Amino acid sequence: MGRVFAVDAAAATSASALNGAVDWWKDVNASPMWQDRVFHALAVLYGLVSVVALVQLIRIECRVPEYGWTTQKVFHFLNFVVNGVRSIVFVLRRNMQLIQPEILQHVILDMPGLAFFTTYALLVLFWAEIYYQARAMSTDGLRPTFYWINGVVYAIQISLWLVLWWKPVRVMVILSKMFFAGVSLFAAFGFLLYGGRLFLMLQRFPVESKGRRKKLQEVGYVTTICFTCFLIRCVMMCLNAFDKAADLDVLSHPILNFFYYLMVEIVPSAMVLFILRKLPPKRGITQYHPIH
């Protein structure tokens, strides 16, 4: 009998602890003070990443000003813009909830995510060009394909916004979020395809090749980071579409917002900028491709 009472007491203690954790989660989510703290913390983190990208862009421009807008410069510029806009959005997050019509809220919250896709798709393009050039294959179709894919993605998303504005029903919100999940999955496999190809190609280089080990690590780390972050974004957007408890577009989910944006944008961007921090050499234009 004593053993039964002990088991019951342990179960009661466990249930009490679980209820306490749930209550804490609800209290934080419902607290305007914690909401502001979390969103302002995200704004600061995004601002730091934006500043780092701008500083790196300036350093590259000072090193090779004669090469114009290279892929590397455009990549850092887009990082600066995307993270800077995200920072402003989170500073004004509470005011965003008051904007009417509601479709504008979706545009303001989702557009930086589309720009984030473009930024890192540019990195996939850069790797694809390196891979094709190393294999003595034509790269003429890569850039038009890059522009075409981005144009289609933006056109479909804008069309979904317009339909949602015209008929704001739940099914259109789900379609919009599922489309975004599909775009994220597409980006994840883009990194896996071209990052993986480039990684395997570098592995076949002679061991004594200059810079082989460092470049191999760089490609491997960036591929893993970007594939993971876009895959997490895909999964979270699917949950966001169908589960109200995973809604990222409301003020009352600050903890979820904090960990989501930390995992899918802030930490990956910071890590990629750190890994790609090396400045280009002052001479030699072979690895830099101007954006026309």
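Every residue, even glycine, has its Cβ placed from backbone N, Cα and C.
The annotation domain 'THH1/TOM1/TOM3' is assigned in TrEMBL to 22-292.
Here TrEMBL flags 41-62 (among others) as transmembrane segment.
The transmembrane segment annotation in TrEMBL covers 74-93 (among others). A Cβ distance under 8 Å defines the sequence-distant neighbours of the transmembrane segment (74-93), meaning residues of its chain 6+ beyond its ends; these are 39-40, 42-44, 46-47, 49-50, 53-54, 56-57, 60, 108-109, 111-112, 115-116, 118-119, 122-123, 126, 251, 261, 265, 269, 273, 291.
Sequence annotations record features per position, and here TrEMBL assigns transmembrane segment to 113-134 (among others).
Here the transmembrane segment (146-166) has Cβ contacts under 8 Å with residues 101, 103, 106-107, 110, 114, 117-118, 121-122, 125, 172-173, 175-176, 179-180, 183 of the same chain, all six or more residues outside its ends. The transmembrane segment annotation in TrEMBL covers 146-166 (among others).
Long-range contacts of the transmembrane segment (178-200) within its own chain (CB-CB distance under 8 A, at least 6 residues past either end) are made by residues 110, 113-114, 117, 120-121, 123-124, 127-128, 130-131, 153, 156-157, 160, 216, 219-220, 222-223, 226-227, 230-231, 233-235, 237-238, 241. Residues or ranges marked as transmembrane segment by TrEMBL: 178-200 (among others).
Under the heading transmembrane segment, TrEMBL lists 221-242 (among others). Under 8 Å from some Cβ of the transmembrane segment (221-242) lie the Cβ atoms of residues 113, 120, 123, 173-174, 177-178, 180-182, 184-185, 187-188, 191-192, 195-196, 199, 248-249, 260, 263-265, 267-268, 271-272, 275-276, all in the same chain and six or more residues away from its ends.
Residues or ranges marked as transmembrane segment in TrEMBL: 258-276 (among others).
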